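Trainee: Just passing along the structure, written as structure tokens.
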Amino acid sequence: MEAGEGKEPVPKQRQVLIFFVLLGIAQASCQPRHYSVAEETESGSFVANLLKDLGLEIGELAVRGARVVSKGKKMHLQFDRQTGDLLLNEKLDREELCGPTEPCVLPFQVLLENPLQFFQAELRIRDINDHSPVFLDKEILLKIPESITPGTTFLIERAQDLDVGTNSLQNYTISPNFHFHLNLQDSLDGIILPQLVLNRALDREEQPEIRLTLTALDGGSPPRSGTALVRIEVVDINDNVPEFAKLLYEVQIPEDSPVGSQVAIVSARDLDIGTNGEISYAFSQASEDIRKTFRLSAKSGELLLRQKLDFESIQTYTVNIQATDGGGLSGTCVVFVQVMDLNDNPPELTMSTLINQIPENLQDTLIAVFSVSDPDSGDNGRMVCSIQDDLPFFLKPSVENFYTLVISTALDRETRSEYNITITVTDFGTPRLKTEHNITVLVSDVNDNAPAFTQTSYTLFVRENNSPALHIGSVSATDRDSGTNAQVTYSLLPPQDPHLPLASLVSINADNGHLFALQSLDYEALQAFEFRVGAADRGSPALSSEALVRVLVLDANDNSPFVLYPLQNGSAPCTELVPRAAEPGYLVTKVVAVDGDSGQNAWLSYQLLKATEPGLFGVWAHNGEVRTARLLSERDAAKHRLVVLVKDNGEPPRSATATLHVLLVDGFSQPYLPLPEAAPAQAQADLLTVYLVVALASVSSLFLFSVLLFVAVRLCRRSRAASVGRCSVPEGPFPGHLVDVSGTGTLSQSYQYEVCLTGGSGTNEFKFLKPIIPNFVAQGAERVSEANPSFRKSFEFS
């Protein structure tokens, strides 16, 4: 994109920037302020205080980045932001900077930012009398024929003084003599030319040579002077002066002409003969620059280059050439040499302001201010600036070849953190020359990215009975920012369930996101829980994100089967009555057991471990029902003791035993026959009856209370279903010898017992129903129930 050529419509968002740029241009276009200083003033000397002219207070100078800029790479001035003083950066030599030009003015600008303003000013360098008049030739030779009549004027070599104004050359004097006096003539360009005027005729025989001292004086205070010896040789008569073919020669020569190139050939002729007709050529009134640049052949009049030309330094030369014959007569001509400019200078770029580091997300922000220049002329000095097209920057022309580099669209460090910008300045010469200036802009980070977790949710598995401080898993989040904006800190967020004691369950390492269990977990108390973790960066303001963590507690076989019926609490043993007329398969009783574990650890199997008479009774492995294995006979003992083993399917398996007492009776309507070891007293029979009734009533009441409590707990849990996790239970058919007691044990069936008890005066018969325990429906492969602290040892199974 090229600045200075066709411009696209300015977007609305840049109106503010353009306003300040135009404001700066408007101010820059005002009449410049003038300041002056004498040349050769010491570096650091005070020039002027700019506060009043700038219309600023001292405190605003640093804020607005006030600085002095000027064309070229050399900075002659410096600006003190603390005081507003304009100071010299170095000694200034007026003759070196401006030569004979008067006045000697150095333009400069004061650049202000925020908003951008240019303050135009000029520094005039006053001349001091630091140069004396100097004659380039310390001896001036004049050959004057003795026939010259009085009143004849002779032009002599003038002195040169680099100072200007009153300090320049003002007067000449000649030493006292009888033959000549000095006449001063002003030329058209204001130069004083000394001339010798003959007062009386010369006589070579009387005085063949006259020596005079010519003194040049300047107008300084005190004046300076320079002298030269004027040696006059009186020669014989020569009545024809050399005449040039042209009084003015105009030539053009390219500035890249090689040394030794011919510039021009001048030619003069003399009508005299002999030595009076022999012509020699020499420079007349030639400055030091002319003598350094050109060489003149005394015999041929050929003007040659002595050194390379430079259009940017000197564009024209006026060379005075004098032709002198052997008799001392001379004539002059002028060779006007015009140096032709070539495109031999590439453009120059001077950076005034450069901001190397820019925060991201900024737009229409000033990056750099620079100026361009080309010492060539015409199209060779016209320039255009450009940068790469694929960058979010654009160039804005300002005033007097000043440009600003501005951000066009907001930068994003995460997309690109560094830009290498090449500013190309190209002139319109042939061939086109260009200069490239590279700058690097670093995009600094702004906290515009929140940490992002690698997963939106994490599922962690922990086996119960773990050791405290166990590492159970990790969460991880990354931040696309850099530095402190990318440093992530992890934390636990308050749980949604106010009853979940999260602070006592888990902790998180704030630096790396490692999660630790603070206590030993109990599956039977808490199967699963979930919580949220936060990740926050250290930016300002800090950004954060969160993720869900689900912790599933895996069951361990840490609970042995618990026999609910018959009670094994050490009280009076439970006695089951079986009629001797019972058929094989007759249901004697049912051993009811539960296991606090889940899944395979809660699958229970039953087997008959001991029996008074093996083969008479059997236990169904899958439901714990005790049934008769064959017909009973009179030979079978009336009292039997059975030991039933209840075993789970864990690894290693855990077990419990239940002891049953079975009493064989002939019929429920007949009197009760005491066991052999029982006392025949009627009081003992009555006591046994009371024990049986109390035991059965207690078991029934216990089951009823358990069912009611379980239903209440389930209803309470459903009200908190939003925070309930999921847990898997074994699927597929159970093994044939196992029964699933998850939530129900073996109490899923209702059954009856008929009991015949002998009273004191007759036979009483009654029946009662066992309480029905409802089936607990499995919650699915992913459902996990929350722990209820008040129901830890109750019928809570998954």
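Using the three backbone atoms N, Cα and C, a Cβ is placed for every residue, glycine included.
Quantities reported herein were computed from a predicted structural model and do not represent experimental measurements.
What Swiss-Prot records for this protein is below:
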{"type": "DOMAIN", "residues": "37-135", "note": "domain 'Cadherin 1'"}
{"type": "DOMAIN", "residues": "136-244", "note": "domain 'Cadherin 2'"}
{"type": "DOMAIN", "residues": "249-349", "note": "domain 'Cadherin 3'"}
{"type": "DOMAIN", "residues": "354-453", "note": "domain 'Cadherin 4'"}
{"type": "DOMAIN", "residues": "458-563", "note": "domain 'Cadherin 5'"}
{"type": "DOMAIN", "residues": "570-673", "note": "domain 'Cadherin 6'"}
{"type": "CARBOHYD", "residues": "ASN171", "note": "N-linked glycosylation site"}
{"type": "CARBOHYD", "residues": "ASN420", "note": "N-linked glycosylation site"}
{"type": "CARBOHYD", "residues": "ASN438", "note": "N-linked glycosylation site"}
{"type": "CARBOHYD", "residues": "ASN569", "note": "N-linked glycosylation site"}
{"type": "MOD_RES", "residues": "LYS299", "note": "N6-acetyllysine"}
{"type": "SIGNAL", "residues": "1-30", "note": "signal peptide"}
{"type": "TOPO_DOM", "residues": "31-692", "note": "topological domain 'Extracellular'"}
{"type": "TOPO_DOM", "residues": "714-798", "note": "topological domain 'Cytoplasmic'"}
{"type": "TRANSMEM", "residues": "693-713", "note": "transmembrane segment"}
Trainee: Taking ASN171, ASN569 as the glycosylation sites to compare, which has the smallest set of other Cβ atoms within 10 Å?
Mentor: ASN569
Trainee: Have a look at the recorded positions ASN171, LYS299, ASN438, ASN569 and say which one has the shortest Cα distance to ASN420 (N-linked glycosylation site).
Mentor: ASN438
Trainee: Distance between the residue listed as 'N6-acetyllysine' and ASN569 (N-linked glycosylation site) at the Cα atoms, whole Å?
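Mentor: So the Cα of ASN569 (N-linked glycosylation site) lies 149 Å away from that of the residue listed as 'N6-acetyllysine'.
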Trainee: If you skip the near sequence neighbours and keep only those at least six away, which residues in the chain come within under 8 angstroms of ASN438 (N-linked glycosylation site), Cβ to Cβ?
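Mentor: Set apart from ASN438 (N-linked glycosylation site) by at least 6 residues yet with Cβ under 8 Å, we have ASN420, ILE421, THR422, ILE423.
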Trainee: Distance check, please: Cα of ASN569 (N-linked glycosylation site) against Cα of ASN171 (N-linked glycosylation site), rounded to an integer number of angstrom.
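Mentor: On Cα coordinates alone, these residues lie 144 Å apart.
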Trainee: Compare 37-135, 136-244, 570-673 by their Cβ pairs under 8 Å to the domain 'Cadherin 4' (354-453) and return the stretch that comes out on top.
Mentor: 37-135
Trainee: Across the whole of the domain 'Cadherin 2' (136-244), what does the mean pLDDT come to? Round it, please.
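Mentor: Taking every residue of the domain 'Cadherin 2' (136-244) together, the mean pLDDT is 89.
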Trainee: Three states by DSSP: which one describes ASN171 (N-linked glycosylation site)?
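Mentor: DSSP assigns ASN171 (N-linked glycosylation site) to strand.
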